[in-house]
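Going by TrEMBL, these are the annotated features:
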- B:Cys138: active site, acyl-thioester intermediate (ACT_SITE)
- B:His268: active site, proton acceptor (ACT_SITE)
- B:Thr20, B:Gly21, B:Ala22, B:Val23, B:Arg48, B:Ser49, B:Ser168, B:Gly169, B:Asn341: NADP(+) binding site (BINDING)
- B:Arg108: phosphate binding site (BINDING)
- B:Gln165, B:Arg261: substrate binding site (BINDING)
- B:13-128: domain 'Semialdehyde dehydrogenase NAD-binding' (DOMAIN)
2 protein chains.
Amino acid sequence: MSERSDQSSGKPTLALVGATGAVGTVMREIISNRVDVYGEIRLVASARSAGKVLPVRGEDVVVQALTAEVFDGVDIAIFDVPDEVSAEWVPIAAGRGAIVIDKSGTFRMNPEVPLVVPEVNPGDARNRPLGIIATPNCTTLSMMAAMGALHAEYGLRELVVASYQAVSGAGVAGPARLYDEVEALAGDRTVGQAAGDVRKVLQNKLGDVESPFPAPIAFNVVPWAGSLKDDGWASEEIKLRNESRKILGIPDLKVSATCVRVPVVTTHSLAVHATFEREITVADAHRVLEAAPTVVLMDDPGSGVYPMPIDVVGTDPTYVGRIRQALDFPNTLDLFVCGDNLRKGAALNAAEIAELIAAEFAGAVA
Amino acid sequence: MSERSDQSSGKPTLALVGATGAVGTVMREIISNRVDVYGEIRLVASARSAGKVLPVRGEDVVVQALTAEVFDGVDIAIFDVPDEVSAEWVPIAAGRGAIVIDKSGTFRMNPEVPLVVPEVNPGDARNRPLGIIATPNCTTLSMMAAMGALHAEYGLRELVVASYQAVSGAGVAGPARLYDEVEALAGDRTVGQAAGDVRKVLQNKLGDVESPFPAPIAFNVVPWAGSLKDDGWASEEIKLRNESRKILGIPDLKVSATCVRVPVVTTHSLAVHATFEREITVADAHRVLEAAPTVVLMDDPGSGVYPMPIDVVGTDPTYVGRIRQALDFPNTLDLFVCGDNLRKGAALNAAEIAELIAAEFAGAVA
């Protein structure tokens with residue numbers, strides 16, 4: 001593939017598609033702060049955003065409109081766009097020779113597309129017959145580095161998961177809505193104490209401004225994420241099951257998930273009940289997770305040490321705490337995981353995959 | 001027992017101990033709005049609150065200080081006070097002849113004290129050798145009416161629970177703290193996006209004002225409720241296990257719970273993964289729950305119908321929705337339950353027990 005790189009240095013040209021979105025913004029920041037393995041970096045967005053000037057890697061870059069030609073000479077393209085945009089444009093970019101890392105749900109379960117978490121299954125990234133690599137849903141990703149490390153030693157068999165998902169998982173409109181609602185409700189020290197009163201205040205103050213959520217999110221939790229699938233399941237819950245199975249390489253992994261949105265700006269949390277093939281103690285889990293790259297153990301509840309969104313947001317690792325041996329279930333741990341859904345849950349994972357690919361270019365030159 | 005009642009009508013004298021607290025306030029309101037089965041009602045609180053005048057049943061009642069004598073002539077005493085106050089005073093009240101309904105954790109697991117949810121095990125209330133009846137922890141209570149109904153037909157075997165607990169579960173200081181934090185953070189449309197920024201703003205604006213929570217709760221979720229028990233478990237998680245077993249009469253019920261506080265004023269929510277002895281479908285669960293007294297089914301996610309705190313708060317039932325047949329676990333449902341932790345989760349359950357006892361008085365007279 002090195003023949004595609006414009007750089008004699010072996011540094012690949014990178015395109016960021018969806019550079020102006022919630023994840024795209026974090027992606028530019030992450031790429032600017034990690035080891036620089038790229039030649040040219042192109043920023044690509046919808047025609048609406050074309051012409052904007054945005055910083056990446058300390059340079060001001062003019063955003064280009066999404067066209068087929070924008071991928072000419074591109075070695076690696078990271079897509080963070082809605083599913084239907086990926087469905088149309090990812091094959092076009094791949095057809096022009098770019099290796100595409102796609103954040104959308106479109107290709108994740110395609111058997112010819114690897115679904116990659118570099119800490120768990122980096123080797124899968126090399127087997128990409130379509131030139132496309134998918135990166136998982138942010139809720140799944142928030143726990144994968146930790147669960148992958150435990151699986152490697154103890155053999156994961158079952159997962160029962162309840163999520164506490166941040167509003168930024170719904171894109172830039174999510175935090176905007178939460179801030180709007182909090183401003184509208186602040187100062188009223190009785191609100192949230194009678195059925196429907198939060199809805200009334202928001203209706204009065206925000207009117208019919210559209211929300212990305214199906215219900216008020218301030219002073220509330222909303223047990224719904226995604227679209228309706230068969231038999232009452234939400235798409236986010238099905239994704240967590242299917243994607244966990246594919247990433248971990250456990251086709252018969254038993255999974256039940258309930259996905260719930262909470263009034264947190266950024267960082268997804270998960271309560272995980274995990275059953276393994278082999279006996280596992282809290283000490284075993286501590287040993288494995290302390291050694292796992294990109295995982296941080298925060299597990300001393302007697303001293304108030306456990307992961308929480310406000311302490312995790314803006315940082316890269318997966319944080320794990322509240323690890324307990326289940327009292328009534330053999331070979332089972334209960335634990336609590338937090339990960340920044342825009343970083344490890346999205347942009348960081350894509351950047352890490354891009355670096356795996358960039359290393360192939362460097363290797364080809366060397 | 002009718003000889004203790006001052007009323008020839010057979011209406012027992014009731015004492016509310018802890019009448020000024022979060023639950024006590026709701027208790028006075030609930031008793032005022034239900035069928036009036038009591039003779040005299042005495043309000044009792046700490047010496048600090050004695051002399052206050054508070055309304056109950058449309059009358060202004062002067063709060064009396066907690067003394068042994070205050071229980072003379074009392075037939076039923078409902079205690080909502082801290083564990084250590086119950087430990088000291090419940091036996092004194094029972095010793096003076098009152099039947100005590102205690103909301104604290106002190107007596108719940110005492111084999112001589114029944115732990116009662118009227119929808120589930122009303123008969124247990126008659127077997128009270130110490131004259132004491134305990135009412136469960138609010139988190140356990142939030143799901144008991146629903147789980148009890150399902151257990152009665154399908155035989156519950158296992159529960160994996162993750163909670164979304166409201167701040168009022170920590171008493172009146174809980175909502176006060178959440179309102180304080182929301183006011184301090186409102187208007188800042190970047191807060192919650194960098195590690196520790198919420199802590200900094202609150203430190204600047206609220207200083208060292210004491211919080212009932214171990215960490216900021218606005219824009220956060222805190223995976224901790226109660227005190228540290230063996231092996232990293234929180235007391236609230238252990239209570240949910242032990243109390244569910246006792247109420248449902250399933251000594252070997254398998255339970256794992258993770259308790260998490262969320263920025264909701266009032267109403268606890270639970271994501272429940274429940275395994276039964278017999279095969280159970282979503283239609284089966286709908287049929288059982290639609291018929292269950294005090295349970296409301298809200299389960300049409302395609303139309304945005306599922307239980308949420310802002311719609312449940314201030315009402316009596318247990319609401320159940322998001323019922324799904326587990327895809328990988330036999331005889332298992334995943335579901336979401338909401339209940340007002342001050343009403344069904346506390347005051348209402350105690351009031352319902354008091355009514356069971358009052359009916360004994362009425363029966364004895366009749």
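Every residue, even glycine, has its Cβ placed from backbone N, Cα and C.
TrEMBL annotations: computationally assigned, not manually curated.
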Tell me the coarse DSSP state (helix, strand, coil) of B:Ser168 (NADP(+) binding site).
helix
Can you tell me the three-state DSSP label for B:Cys138 (active site, acyl-thioester intermediate)?
helix
Candidate recorded positions B:Arg108, B:Cys138, B:Arg261, B:His268, pick with smallest Cα gap to B:Ala22 (NADP(+) binding site):
B:Cys138
So among B:Thr20, B:Arg48, B:Arg261, all listed as binding-site residues, which is physically nearest to B:His268 (active site, proton acceptor)? Use the C-alpha atoms.
B:Arg261
Residues of the domain 'Semialdehyde dehydrogenase NAD-binding' (B:13-128) by DSSP state, where helix covers H, G and I:
36 helix, 28 strand, 52 coil
Sparsest-packed among the recorded positions, when each Cβ's other Cβ atoms within 10 Å are tallied, from B:Arg48, B:Arg108, B:Arg261, B:His268:
B:Arg48
Let me know the model's mean pLDDT on the domain 'Semialdehyde dehydrogenase NAD-binding' (B:13-128).
95
Rounded Cα-Cα span from B:Ser168 (NADP(+) binding site) to B:Arg108 (phosphate binding site), Å:
21
Out of B:Thr20, B:Arg48, B:Cys138, point to the one nearest B:Arg261 (substrate binding site) in space (Cα versus Cα); all of them are recorded positions in the record.
B:Cys138
When you tally the Cβ atoms that lie within 10 Å of each candidate's Cβ, which of the binding-site residues (B:Gln165, B:Ser168) has the highest tally?
B:Ser168
Surrounding CB atoms that lie within 10 Å of the CB of the residue listed as 'active site, acyl-thioester intermediate', all protein chains:
26
Counting only other Cβ atoms and using a 10 Å cut-off, which of the binding-site residues B:Thr20, B:Asn341 scores lowest?
B:Thr20
Diameter of the NADP(+) binding set by C-alpha atoms, the set being B:Thr20, B:Gly21, B:Ala22, B:Val23, B:Arg48, B:Ser49, B:Ser168, B:Gly169, B:Asn341, in angstrom:
26
Compared by Cα position, which of the binding-site residues B:Thr20, B:Arg48, B:Gln165, B:Ser168, B:Asn341 is the closest one to the residue listed as 'active site, acyl-thioester intermediate'?
B:Asn341
For B:Gln165 (substrate binding site), which of the listed binding-site residues (B:Thr20, B:Arg48, B:Asn341) have their CA atom within 10 A of its CA?
B:Asn341
What is the number of other Cβ atoms found within 10 Å of the Cβ of B:Ala22 (NADP(+) binding site)?
22
